[in-house]
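Asks: The region 'Disordered' annotation in TrEMBL covers 442-472. What TrEMBL records for 59-79, 91-110, 122-142, 312-331, 343-360, 380-397, 409-430 is transmembrane segment.
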Amino acid sequence: MSLCLCKEKCESGKRKLYSEKSEESTGHGLSNGLKISINGVLSLLDAALGLPSSATSCLRAHTLTVLFILTCVLGYVTLLEETPRDTAYNTKRGIVASILVFLCFGVTQAKDGPFSRPHPAYWRFWLCVSVVYELFLIFILFQTVQDGRQFLKYVDPRLGVPLPERDYGGNCLIYDAHNESDPFHNVWDKLDGFVPAHFLGWYLKTLMIRDWWMCTIVSVMFEFLEYSLEHQLPNFSECWWDHWIMDVLVCNGLGIYCGMKTLEWLSLKTYKWQGLWNIPTYKGKMKRIAFQFTPYSWVRFEWKPASSLRRWLAVCGIILVFLLAELNTFYLKFVLWLPPEHYLVLLRLVFFVNVGGVAMREIYDFMDDPKLHKKLGQQAWLVAAITATELLIVVKYDPHTLTLSLPFYISQCWTLGSVLVLTWTIWRFFLRDITLRYKETRRQKQQSRGDQVPEPAGPGHMSLQGPQRQHS
């Protein structure tokens, strides 16, 4: 009985791998037919012996293997390693070990998401990291402001110290004639490590959103937010050409363009996969290994925000969460006293790069086909919870900065923009529909009235019926 079950499992796992090869080999000659027959014999032998194929074995969670290794490591620490007397060191190591055990559990037991490349365990790992990060944020949220900042000293002793914010405004002359040695020194001063980071960030965001218009709107709106909030964070104070030329046009625009070109290539690519051991040449094997890091299949995002009120509100919510996550990057550094170049800031960005793509796919599936996807995906739920928790930390740790009133002309501009968006929403999804329905109803009534009016009888028709009546 167990042998039959094993055979069924292995054959179902290999059917996908060999079906395409079998279809391609039809009519290709005796050598290809011989290869397929040998592969078929080997698959039957593997099934009979209960040995899984290399592909199906790699895609398994290996729950027993991970459990065995984890138990061995814990047994070694417990039985063979002497516990240090340092309480702080033991506390740190215990917390790290607890997190690692949870990650091992999640990687092997968590539910798979929409992505399967390069490996489903990779995306399960980042799902569990999302849970750990959210729990860490909640812990920070429940501390006092002083304790929360000083707690970060356990992560890095250099933290917990107030940091001066750098002002990127200053002298905004592109060409400084008074500096004869280097008249473009203002431009060179602005070219720091954040320039390639801007380009790479928007390249990856474009791969997540998969829409040029949405990326451009988010990019431009964030520059308006920097203009609006520079009275709260001096870090937002930049020159006009730094905002619109270096950021929007050069870094963000070039990143969006390269991202759209990559999306175009991915949408045109043929997704027909073949087992690694079925590829005869080494060049083909290396190419197959490289393509393992590309999507298994491709889904083109068609957001269509003006098609319905539900999709319009969903797209507005996505843009709002994107902008809020961007602002949280700067405000968290400000309230938690984190230097911009600290590795925690970089790790947070790497985290959002990995979870953002999965969250966007789950949001799109939930919005595009609500009958099939009846609830929001797990990664999208966690990203929304993390963004909200980060905002609450900022509100609690420095309410004074957030309550600094906007300048009058800034508040007037945002009020006007909000009124225009609200007016367009009411017109597009309420007034316009009512008008169209009224016109359609009126047209149908006129058409029905026209069908009920009898056609007038001509003189020829009357003269023809007169003799007929007399004859009768």
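In case you wondered, yes, glycine gets a Cβ from its N, Cα and C as well.
Predicted automatically and left uncurated, TrEMBL annotations should be read as such.
I would like each feature placed in context: is it buried or exposed, what are its neighbours, and how far apart are things?
Replies: Outside the transmembrane segment (59-79) by six or more residues, the chain places 52, 97, 101, 104, 107-109, 119-121 with a CB less than 8 A from a CB of the stretch.
Remote same-chain partners of the transmembrane segment (122-142), defined as residues 6 or more beyond its termini with a Cβ less than 8 Å from a stretch Cβ, comprise 99, 102-103, 105-108, 110, 112-113, 115-116, 148, 151, 336, 351, 354-355, 358, 378-379, 382-383, 385-386, 389-390, 392-393, 396.
Same-chain neighbours of the transmembrane segment (343-360): 113-115, 123, 126-127, 129-130, 133, 152, 155-156, 201, 204-205, 207-210, 301, 318, 325, 329, 332-333, 377, 379-380, 382-384, counting only residues six or more beyond its ends whose CB sits under 8 Å from a CB of the stretch.
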Asks: With Cβ-Cβ distances below 8 Å as the criterion, list the same-chain residues six or more beyond the ends of the transmembrane segment (380-397) that contact it, or say none.
Replies: 127, 130-131, 133-134, 137-138, 140-141, 145, 148-149, 321, 324-325, 328, 331-332, 335-336, 352, 355-356, 358-360, 362-363, 366
